[in-house]
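Here's what TrEMBL has on this protein:
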{"type": "DOMAIN", "residues": "30-132", "note": "domain 'Exocyst complex component Sec3 PIP2-binding N-terminal'"}
Amino acid sequence: MSSLLREEMDRILFRSEGQKLEEFIEIEEQQQGRHFLCVSITKDKEAQISVVLCRRVKHSRTNKLQKYGLEDSYERTETWALEDLLILDGRDPDTDDPCFLMHFDSVRSIRAVSCAAKYTLARCLLSLSKKYHHTALKLKNYDWTYIQPTTMYSDRGDCIVLAQICFYAFNLVCLSMCPVPLA
């Protein structure tokens, strides 16, 4: 479902302006409708962060059996440049809190739908900051182990990780079968 949503949002809202949608997360806002925090790359290779509102809109159908159909409408309500983001503040790394703060000239509070979404966005923004601005984004109050994976799991496929775990388990079984001299 999210890949279809991503493709539709990219096609309707970003590609039409010559941009490429890199990442998006769903966020909770006061206003009616679904909201997303999107990260896109412009034609000039600049990263942008946008709040996008998705509304269901009725429209007339050409099909004689149905009078009305529903269609998603996307609208950017806020946009910032990634280079203007001074600090990405996770608020409290020790609790399971999906809220975070984006410090621009003013502070924008965001509530993601989950902590996983919050960390996904942080990893994306950190990567794009290094790639396009050649500086590391300042992260505050994030658990670094979820931002930068350990060497055991870093960018390796699930099969390799599973094989490594099986290898460790096999070694433990072999060691447990070895006789221990009682002296």
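For all residues, glycine too, the Cβ spot is worked out from N, Cα and C.
Curation plays no part in TrEMBL annotations; they are all automatic predictions.
The average pLDDT for the domain 'Exocyst complex component Sec3 PIP2-binding N-terminal' (30-132) in the predicted structure is 89.
Break the domain 'Exocyst complex component Sec3 PIP2-binding N-terminal' (30-132) down by DSSP state and the numbers are 21 helix, 50 strand, 32 coil.
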